[in-house]
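Shown next, in structure tokens, is the structure this report addresses.
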Amino acid sequence: MIDTEQALSVPSRRSLRAGLSQAAAALALLALAGCASAPEQAAAPQAPAKAASTVPAPVAPEPASRIEAKAPVERDHAMVVAANPLAAQAGREILEAGGNAIDAAIAVQAMLGLVEPQSSGIGGGAFLLNWNASQRQLITWDGRETAPAAVTPSLFLKPDGTPMSFSDAMIGGRAVGTPGVLRMLAAAHARQGALPWKALFKPAITLAEAGFPISDRLHTSIEADQAALAQNPVTRAYFLDAQGKPLAAGTIRRNPAYAATLREIADRGADAFYTGKIAQDIVDAVRGQKANPGLLTLADLKGYQAQAQAPVCTPWKGYSVCGMGLPSSGGVTVGQMLKLIERFDTSKLSPTGSQTAHLLAEAGRLAFADRNAYLADGAFFAVPVEGLLAPNYLQQRSALIDPNKAMADAQPGTPAMAPKVVSAEPSALPSTSHLSIVDTKGNAVSMTTSIENSFGSRLMVDGFMLNNQLTDFSFVPDINGRPVANSVQPNKRPLSSMSPTMVFDRDGKLTLVVGSPGGSQIIGYVAQTLVAILDQKLDPQTAVSLPHVLNRDRDETEVESDALKAPLEALGHKVKVGPMTSGLHVIQIAKAKPKPKTEEDSQPKTAEDNKEAPAPLVAKPVVQAAPATVLIGGADPRREGVATGY
């Protein structure tokens with residue numbers, strides 16, 4: 001059995017030890033990024049009415065640079081899969097120095113804030129699953145941003161009562177929530193860290209001072225966001241050259257301000273971020289914007305608390321699929337998608353075929369209808385989680401899926417204890433990062449981390465970017481007098497689609513660590529990958545390279561492959577073909593295969609054996625005892641991530 005802790009109080013931050021050295025040597029950066037896609041919807045029983053369209057028109061999604069073919073990576077002892085080679089290397093070096101999965105995650109996040117600043121960093125938030133192998137215990141950590149205490153429900157409404165455009169809302173201080181990632185990592189480290197806290201920031205500090213090469217993907221992101229970055233003198237000076245052009249790939253960029261910030265955090269712990277000069281600098285930047293000031297205060301920062309809680313685990317075809325609870329929608333919605341298609345034998349279907357695509361699309365349609373209606377921060381809203389995952393309810397919803405015909409429409413269902421609400425889909429864009437780690441003792445981390453949109457609020461403070469996560473709230477508090485679950489409230493955490501996931505077999509053994517960036521499409525990416533690996537028996541690299549399909553309860557089923565357009569249209573889907581930039585990072589813990597060994601090597605050694613002897617003409621292979629498990633890593637070909645280990 002897996003021990004999944006019930007809601008825990010956050011442990012007090014212990015005194016963080018000093019020590020260690022050795023920083024990460026710079027690697028030659030790999031280039032990459034790319035495309036992805038999504039599935040279609042299905043129908044449901046009577047329930048909350050869906051609002052016509054409450055999603056502000058979004059800005060363009062995160063750009064792709066190129067697709068890069070990758071092979072699965074196998075290692076015997078430990079593995080890190082992260083979105084940038086330098087970040088993955090930082091995590092590996094911490095593991096090689098005796099650190100555990102939590103230690104490595106901290107080093108990876110610190111490095112990502114330097115080399116992938118458009119996607120995540122200490123100015124944002126995260127969700128983390130931590131498996132303690134010796135205690136057989138799974139804990140989840142909520143480091144999601146919170147709304148400032150001074151917000152009102154009209155935060156994103158114009159004077160006439162209509163919602164602001166997404167682009168107007170996200171740039172500047174208005175959408176900046178209280179960052180949570182550092183409090184979360186400090187709490188997790190205080191509970192289960194192995195190496196001194198200070199040691200974990202050394203690789204990122206060293207590289208920030210020496211300089212790192214701008215990757216192809218970072219260059220592409222700067223190029224796509226050039227106009228917004230040019231508006232602020234700090235981001236203009238850091239991301240653009242003297243002529244105002246995006247820094248070219250390969251340019252060496254130093255960030256001494258970030259190095260100084262990390263050094264303060266390394267020396268004084270997370271308190272250095274949430275109080276003192278850094279906190280004051282954050283507040284000044286957020287509130288000092290002339291065009292779009294925010295409401296964040298020193299009290300908001302000082303009062304932030306990460307939360308440890310029980311995971312949401314869903315039984316599926318002999319496995320236990322575990323994810324985050326609220327305010328992440330991942331655990332519930334990924335679980336729903338899997339259960340909705342459990343009655344179909346997907347093991348006999350082609351992973352790239354139209355039947356698999358159709359089932360994933362229909363499951364997504366139904367699951368997102370429920371998500372958009374009911375899910376929000378459970379501390380502020382009575383979310384019917386048990387009802388949404390109840391077997392009888394999911395059987396009723398699954399019966400709406402016709403394997404030969406697409407649904408015309410999907411309404412939210414009526415689970416037990418369902419409140420009277422109206423459905424409103426929040427806007428979320430695919431600028432996030434995910435890391436998967438397994439250490440030598442079998443401990444593991446699945447962590448998805450984000451500043452929301454690419455480059456977040458476009459505010460850079462002391463070398464790091466600030467989030468715009470408050471735009472993950474619904475912009476309208478009610479529709480026709482009925483409340484919206486994910487509306488803005490003081491100290492509330494916005495609904496998230498981040499879906500860090502771990503899978504356990506029927507014996508309770510960890511078998512898979514997975515997650516992805518990608519806005520609300522994350523849910524579909526993760527669900528599709530789980531089906532491909534667990535039921536269709538693909539290796540992790542092949543699974544993350546599959547063309548995506550998903551429907552987020554919208555008119556169109558999104559697909560990545562032109563080959564799926566005609567067969568899905570024949571089933572009644574309206575199909576949109578286009579890229580979707582997932583960033584799936586997977587580690588599979590699989591049974592190791594026996595390794596060949598020569599017959600001579602298998603014999604006991606004596607003094608005579610040490611004397612020189614003629615080499616045998618032919619080495620006779622025999623089977624030797626091998627490690628019980630092997631780690632198989634897969635990194636999404638659409639981005640520049642890698643799997644590394646030993």
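Glycine is no exception: its Cβ is also placed from the backbone N, Cα and C atoms.
Caution: TrEMBL annotation is automatic and unverified by curators.
Record features, source TrEMBL:
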- Thr432: active site, nucleophile (ACT_SITE)
- Arg144, Asp472, Ser496, Ser497, Gly519: L-glutamate binding site (BINDING)
- 596-612: compositional bias 'Basic and acidic residues' (COMPBIAS)
- 591-620: region 'Disordered' (REGION)
- 1-38: signal peptide (SIGNAL)
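The number of other CB atoms found within 10 A of the CB of the residue listed as 'active site, nucleophile', across every protein chain shown, is 29. The secondary structure of Arg144 (L-glutamate binding site), as reduced to three states from DSSP, is coil rather than helix or strand. Rounded to a whole value, the Cα-Cα separation of Asp472 (L-glutamate binding site) and Thr432 (active site, nucleophile) is 13 Å. A gap of 13 Å separates the Cα atoms of the residue listed as 'active site, nucleophile' and Arg144 (L-glutamate binding site). As a whole number, the greatest separation of Cα atoms within the L-glutamate-binding residue list Arg144, Asp472, Ser496, Ser497, Gly519 is 15 Å. Here the binding-site residues are Asp472, Gly519; the one with the fewest Cβ atoms within 10 Å of its Cβ is Gly519. DSSP assigns Gly519 (L-glutamate binding site) to a helix in the three-state reduction. DSSP gives Asp472 (L-glutamate binding site) a helix state.
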